Amino acid sequence: MGMRMMFTVFLLVVLATTVVSFTSDRGSDGRNAAAKDKASDLVALTVKGCCSNPPCYANNQAYCNGRR
């Protein structure tokens, strides 16, 4: 195989890898959104627990919005 042919094959492999990667990223957007919702729920529960703890509340009043 000549150098030109090897370079062409290399470019085709890179192009194919890029296309597969791009299309698989687009398909995972819904799954990523669901994971972010779960993470925000976990953070909310953690903050609520902190707001009921007086020392933690004192350090994080901005997050507790004045509620205990």
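Just so you know, the numbers here start at 1 and follow the chain as drawn.
Note that Cβ sites are derived from N, Cα and C of the backbone, with glycine treated the same way.
Looking at the candidates Cys51, Cys56, Swiss-Prot gives Cys51 as the cysteine bonded to Cys64 by a disulfide. The CA atom of Cys50 (disulfide bond) is located 8 Å away from the CA atom of Cys64 (disulfide bond). Taking the disulfide-bonded residues Cys51, Cys56 in turn and counting surrounding C-beta atoms within 10 angstroms, the largest count is reached at Cys51.
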